[in-house]
Structures are given as structure tokens and as C-alpha cells.
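> I'd like to ask you about the structure that follows.
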Amino acid sequence: MYVPQPSRSDAAGRDAGDQPRVYQVWRGSNEFFLRGRFIFGPDVRSIFLTIFLIVAPVVAFCVFVARHLIDDFPGDWGISVMVVVVVFTVYDLTLLLLTSGRDPGIIPRNTHPPEPEGFDGSNDSGVQTPQQLRLPRTKDVIVNGISVRIKYCDTCMLYRPPRCSHCSICNNCVERFDHHCPWVGQCIGLRNYRFFYMFVFSTTLLCLYVFAFCWVYIIKIRNAESLSVWKAMLKTPASIVLIIYCFLCVWFVGGLSVFHCYLMSTNQTTYENFRYRYDRRVNPYNRGVLNNFLEIFCSRIPPSKNNFRARVTVEQGLQQTRVASRGFMSPNMGKPVGDLEMGRKPVPWDEPRTAADIRDLEAGLGGFLDEKEGRLTHASPDLSRDDLPADLMEGRAGTHSRRSSWVNRTGTSESVDSMNAQIIAAWEAIQSDPVH
């Protein structure tokens, strides 16, 4: 049965508590916790592996090494070895949560494509041609006096700002996109890059701390029992395992710390370094080594552009179910689109969104039309196709023709408007028919 959409007055009178929250209807691939207070990537489970790889060796260090060093140092220096490693581990895990549990800089999606620049509603002939309605694939903007090319995102229906890219894992456009880190289960972008580097660097320091005091414990055993280093190492196999483990980890997190230190000094992102190679051309974002570091660590982190706990208004919900306004087409509309950054199989542009609108329209208006057809068929034995007005029969035939092939092709806003017009015309003809 067709249920008409609520009017503005009905929507205004509806209780705001009945509307879902933004995180409940989020179109990205993110996972939310504590009712939208924390946002993670779809691979959030990997964070538990990261926590285990940090906590397990620290626990082994406290049990098999730090506990024996408490009495080997004068005063309270012995207990400080264990206190420092515990506090530093808590600090490291806090940075991990700040990196993976916050909005990395997601740009909200548009509900319809933007209007082309200079659009005035009509041209000299009063008709917009397909070339005029099609949005350009790229645009040039000026950044610090240097021309930078930005691209149009078909998924988010917006022109990505400079340094923004679409993450194929989280399915979001992220400002100052660096990379998607599987170890933290989150994109690394404008709002969490600082915490990401602090997490990687503090993990490096934690590995060096455990590595160093394992050797201190071995030296203590060698001096106390007058043994060689090899025999002293055999006295504490846990220290050997921790030394090997920390040595391997330092190569990974330490190398990552050095690499990102280089990126920060030149004001690059990992994505830009691997894709654009600024050593072959001018980097428009490089402000000097000192200013680049100040920008990362001392600048104010911008607030999130998304309020995940806000209620979705009725107007926003209706906008999300409408087809693109004004008929402006994506650069790839009508063409198979395969976004290299998304890694998706080429599909017709806007097919999922339009197909959903078509299914809603077919289920609602189609049932409405069938109900009215049933009334026409059974209202009177003398009511037949010959007795119906010619314009009504043409409208019904056109409508059935559309509905039969509706699911097999992608619709546009013109198709929807045409179908609505035919249904309205059929209904008006039924109401005005004296037999009815």
C-alpha cells in the first residue's frame, strides 16, 4: 500500500527523538562504539592484536626482569624501573586510542552533485545541453601561489579539497589523507596524524627501554656470578626472547618513525610521497623544516565536520532519498566508472543510489496505481478499454512499459518526474470520469 511522504508541517511536528542518529545511518564502512562517541575503521579488530603485541612483552618484562631489578638498585631506583614501563605503556595505549577512535578528518558527503561554476539556470536557447550539465572531472586551485589539481569524487559527490583522498577501506573522503593503517584500524588524516606519530615514536621508545634493561639484567647476572655473557644469558631465557622481539620491532616502528619524521620535515603525506614524488616538482605545502614541525605538533586540531550523535532531521532524510537535483551529471555519469583509489569493479555511475530510489518509487506508487486499476476493472461490467479516455489509456500503457523495464536500467530525475506526471494525469482522469 502506498504511504504518502509526510508534509513539512507533519515533519515539524514529529518528535525529534523518533529520528535516528547520524552514526546509525552512516554511509561509510566505519564501526561506532558508545553510541557514536568513538569511530573506528571496518578493520577495528586488528587493534586488539596491536594491544596484545604491546602489553604481552611488557607483562613478561615486569614478571621476569623488572621484578628482579628492584633490589639491584639503591633506594627507590629499582621500583622505578617497573613504574616507568607501566606508565609508559598506559601512555602508549592512550595514544593508540586517540589515533584509532577519533574522526580522522572525514568530509561529509553531499546529497547531490554540486552546481557547475557559472551556472545561471539557462542558456540562450533556454535548454541545458549534456556538455553543460556534465561536471568537469578535475579543477585547478591555487595553493601558496602554485596551481594544484583537485578531483571530483563520484561516491561523495564533491570536489576533494587539496590533500584529500578517498579511502577505499573506510569509504570516506579524508582531509590530508596519509594512509589507512591496519595496525590501528583507522585512516590517518588531518585530525589524528599527530597522535599516530606520537604512538609510533612512543612504541619505539618503549621497545628501546625494554631492550636496554634486559641487557642490564644480563650484565647484573654476569657480574654477580662471575659468568660470561653467554652463560649469563642462559640464566634468563625471558630476557633473550624480549631482546630478540624488541630488536625486530625497533626495525619496524623505528624505521616508520624515521620515515614519518622525514615526511613531516618536508610537509608531505605518505600518499603524496608514493604517488606524486615532490622531489621531481615543487611542493606547494612546504613551509620550511621548523614551520612544518610546528604545523604538525603545535597547530590547533580543527573540529570534526561530523556530529555523529546528532539526530537526522526529516528534511535530511528526504534529501537522501531524492535523485540529484537540477539534473547535473557526474563526470562519469553514463560511463562505466572504476575508481582506482576505490579499487571497485566498474559500474554505471550512481547505480546503487538510483536503484534504491527506483525500488522505493515502484513499491509505493506502483501499488497505488495497481489499486486504482483494480477499481477501474471491477467498478462496472460495462467499463472496458474502449470506454476509457484515450489520454488515460496512453498514460497507463506508458506507465506499464516503464515499470516492466524499470529495474533493468538506471533512471534519472527526468524519468522519475515523467512517471510522476503520468500517474497524476491518470488519477485526475479517474476522478473526472463520470462513470467512476
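Glycine is no exception: its Cβ is also placed from the backbone N, Cα and C atoms.
These came from TrEMBL, pasted as-is:
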type: TRANSMEM; residues: 47-66; note: transmembrane segment
type: TRANSMEM; residues: 78-99; note: transmembrane segment
type: REGION; residues: 107-130; note: region 'Disordered'
type: DOMAIN; residues: 149-275; note: domain 'Palmitoyltransferase DHHC'
type: TRANSMEM; residues: 195-218; note: transmembrane segment
type: TRANSMEM; residues: 238-263; note: transmembrane segment
type: REGION; residues: 372-413; note: region 'Disordered'
type: COMPBIAS; residues: 404-413; note: compositional bias 'Polar residues'
> Restricting to the domain 'Palmitoyltransferase DHHC' (149-275), report the mean pLDDT as a whole number.
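For the domain 'Palmitoyltransferase DHHC' (149-275), the model's average pLDDT rounds to 94.
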> Taking DSSP states H, G and I as helix and E and B as strand, how many residues of the domain 'Palmitoyltransferase DHHC' (149-275) are helix, strand and coil?
76 helix, 19 strand, 32 coil
> Would you mind listing the long-range same-chain contacts of the transmembrane segment (78-99), meaning Cβ under 8 Å and 6+ residues beyond its ends?
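Distant contacts of the transmembrane segment (78-99): 47, 50-51, 54-55, 58, 61-62, 66-67, 69-72, 181, 184, 186, 188, 192, 195-196, 198-199, 202-203, 205-206, 209-210, 213.
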